[in-house]
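The structure under discussion appears below in the form of structure tokens.
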DNA sequence: CTGTTAGCGCCTTCAC
DNA sequence: GTGAAGGCGCTAACAG
């Protein structure tokens, strides 16, 4: 059974194709009687408008390209959900693009909206190729992965404020020697989180000790490496703030390997509140980003943009929240900043 | 600068639009001289064919809907990557659909390919609404999440065989009392894994003890609950096979809480080889599925299907591999099947 | 309120 | 080898 066209419906209903089109698009602009006739014919033929034709005629696709830095980043999962939800609710579809740190890929996905395969672009890459000036981008919304110096509509969190929140939690528990494992420095997001950590210390009249900062890369291994490095250099601390949960888990494992207990010997705070946070032992105190909300908001901005609505603001800040679990506690008064005795649990 | 059309190019080159179209589609069907002229005009105007118009005319979209059971399942991440890679390489785009266990959503995504918004459908839902007979589906490939009784082209692993592999690993280490935490029974995948576990035992002349099977749900909590249940019922074992890594991590945490060491007191094998497996302490022995390959293969089948190529086979089995890490070891000869003494690490 | 008409941008016979 | 012409299926003025 081949698709029936609007023409067939018109014939069957005894009206013109224009009337069929109208009945479907603006049912109120048509007589009760004709509406019945048309709808009846539609039912009989099983007619469904050919979206390709409709879109072609309307010069719109109702597709939006979602271009991410790395499609396999589990952090994005809830954002995917938020974006898809709002897209679905508004009749849009989401085209998945994986940038993979590759300019050519980014360019091709951007071209897809230029070529009218999609109406807009949600960018979660953190960069655009130097060869593509921002002004030449199509309708674009930036989510989460900030692009330095961009003036495009953006939804994200205040990383600096969030890092302060985490550090202040440790401070309020009484910790004074607080270490920090950063993300790759040079990335706006990592820099901001480090700044927030420093700000919190200074606000508490603690002079930041550079020895307490370890340059990580957001991966498990650098969390472990950080602990080993601190140990080798005999750097003592009772609090540890990690710029993401994965490094926090790596750090906790390494601490355990050295016979240190969390939180009795070291309190650990993560960032992102991923599944990691719940499944780690002990469950991790972490900064939660409203990931689904970020996705929803980004898509909402896109919908408004495409509808020609003026944006209330070109910058939307999503709020964060500190989720306190069992990885943080007041410092153990008996052992100040020294390294606890080594006492491996391994055989 | 608005998009230039084929007409403008034709004018500028002093030829007909048909010639322009030909030059671009079949450069060899045109004189050297005219080709030059046309390509020159194309360059000058920056002409790029309007994909919407081309697709409309050709009645193809080069879009494929990827409909998944739950978009936030981290297991899918590498599959997304595989699918996107092959799509990208073949000029296709991937539309992301989240089924969310909701018939209406599934129906709407299926309609998208009926309505010519996409050419095909990759199903990773594990079900289709009863109201939609399989025969009425558009061009479809099933990946990973099997649909019972389906005859559609499918790519997946042999779950039974994989579970045997995991269990046999424990057996070969010398374990005789091996427990199993299952997924939700009734799901084809869970059932098969449980069957594989039983098969392996029987093949080793061990009569399966029903007390050693715990009905889980693939979540962390059921891994913990299982250990508590075994403890309460005084069920002893030295090997544990979990139908996914998340439950394995939950089980390990709970074991640690009871003062049991992994692998000295209990060897644990997981399934899926997720990030969990690497970040857990100790790193988890697990069955790895070639997730990216599964994605690539599914998309390859789709491309072939849409190209009208006959499929070599309607069933493609992806191979699995056991990744041995530190969570498994030979059983401790001194303490057979009894519960080890309880000796909490908590203060 | 309804029908007629004119395309959207491109591809593809069919003559020349 | 090239051009003219006829749509693809639908929407949106514009008249009636």
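Here the Cβ of each residue, glycine as well, is placed from N, Cα and C on the backbone.
From the options A:304-325, A:326-347, the stretch TrEMBL describes as region 'Disordered' is A:326-347. In the domain 'HTH lacI-type' (A:4-58), the DSSP tally of helix, strand and coil residues is 42 helix, 0 strand, 13 coil. Taking the domain 'HTH lacI-type' (A:4-58) as a whole, pLDDT averages 93 in the prediction.
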